[in-house]
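Quick look at what TrEMBL annotates:
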DOMAIN    A:15-112  domain 'Cyclic nucleotide-binding'
DOMAIN    A:149-220  domain 'HTH crp-type'
There are 2 protein chains.
Amino acid sequence: MKSRCENCIIRQFNSLRAMSKEELKRVSDTKTTKIIKKGDPIFSEGEKLNGVFCVRDGVSKLSKLSANGKDQIVKLASKGEVMGQRSVIAEESSNLSAVAVSDMEVCYIPKEGIVDALHQNPNFTVEVLRHMAHDLREADDVIVNMSQKTVKQRIAEAFLYLRDNFGEDAEGYLSITLSREDIANVVGTATESCIRIISEFKKKKYIKTSGKKIGVQDEKKLRDLVDGF
Amino acid sequence: MKSRCENCIIRQFNSLRAMSKEELKRVSDTKTTKIIKKGDPIFSEGEKLNGVFCVRDGVSKLSKLSANGKDQIVKLASKGEVMGQRSVIAEESSNLSAVAVSDMEVCYIPKEGIVDALHQNPNFTVEVLRHMAHDLREADDVIVNMSQKTVKQRIAEAFLYLRDNFGEDAEGYLSITLSREDIANVVGTATESCIRIISEFKKKKYIKTSGKKIGVQDEKKLRDLVDGF
DNA sequence: GCTTTAACCTGACTAATATCATGTTTTAGG
DNA sequence: CCTAAAACATGATATTAGTCAGGTTAAAGC
């Protein structure tokens, strides 16, 4: 049994909510749902995308390979986010790779349904535009953080960001579990430096760990650090 | 005598070209043209924008203040570029400040004409969307550069970027003249470090200078440096 | 359950870059 | 034209973060 986009609550979180009944029906008829295992790729940098991916469950990292062979994670996409929009809209091959960070369920939507709606339904287009404007603002903020904050500050900020955007479990650990290497690739540092700073934070009781899980323990201290106190 | 948007060649470079005759007429009727002196602000971070600014001549730096008091320049806008779009679309106050880097002529276009066109003319909306998708890709590239490249590489890249995007004069100097501090703020480094590296490049004959003007002299060496050779 | 591999961790060293101090040149204003 | 301020420049030093090398622990495959 295939579920319908019309009934998908995920839609409430993204631009698809601005689609008309008919547009949504078409999208639903052409979409395919995929199960993706943790660690598996969804698409790769340079690949021509013929559709977008709507995340129903799990988290994906969107990264770009740098000249020195390191992956810079530019965004983490979770429930409700649409991946590959930018490339489809700009009619360019993807500038990012997407890899599942946890087990995922995503819907693949062929671009035709999206592109046609963009040209015919201004409400939908404006909605997509708003989303992209938001992403652009976030990107500006990241640029400033990268150039003006220390690695320590960026790691502290990353934990707060992960907690605020992905939540925490009953014991106060982050719902999202990233490897140290992934965290390093989010903040743009060497894995060893990242591990060292995590150890330091743990020693200072800013955070707590349990296996791979990490939990924010002293929000204020972390925030002060980020703000430069 | 007031010039009309319909006849403005600048329009060819931006999303306004996708507007209908009527929409353009309205924009032209409500716009005002301003002369802005080098160093003068156009708008500031946090300010609520009630319109966008279309650059007719000159260059503006778009920057964001970081916690440690430094300005990070996120973009340089020149002829044909529209500033403030993002904020107007997202209906947020501006996340960036705009300051004239050279004497400028800009047209201020009240947002109503833009917003209404966005909701009524899908071609225009898609055109704006494409532009923003492009900007977002560039932002991703900047993030990777910031985190993965050395200051030296970023400065080398900046000179090549400035030449490719703003051109050079008959003697081979960059058409755009930035202070050392501005260059430092583009690449996200300390002014002293920037000056030092410029001196080094000059000594190695990668670039030449004449007063404040800088010219690319050895493109290949600069490019090799950027690419990590 | 054992073995292999990947992830995590720590120390020592090095390279890159920021900061501070100070001097010189250029530019702008009266 | 003169003077003050801003921009440019360079040296010395301190700090940050990257790299290399060697471990330990945890996880995955046979």
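Backbone N, Cα and C atoms are what each Cβ position is placed from, and that goes for glycine too.
Mapped onto DSSP classes, the domain 'HTH crp-type' (A:149-220) shows 39 helix, 10 strand, 23 coil.
Look at the domain 'Cyclic nucleotide-binding' (A:15-112): DSSP puts its residues at 22 helix, 41 strand, 35 coil. In the predicted model, residues of the domain 'HTH crp-type' (A:149-220) average a pLDDT of 95.
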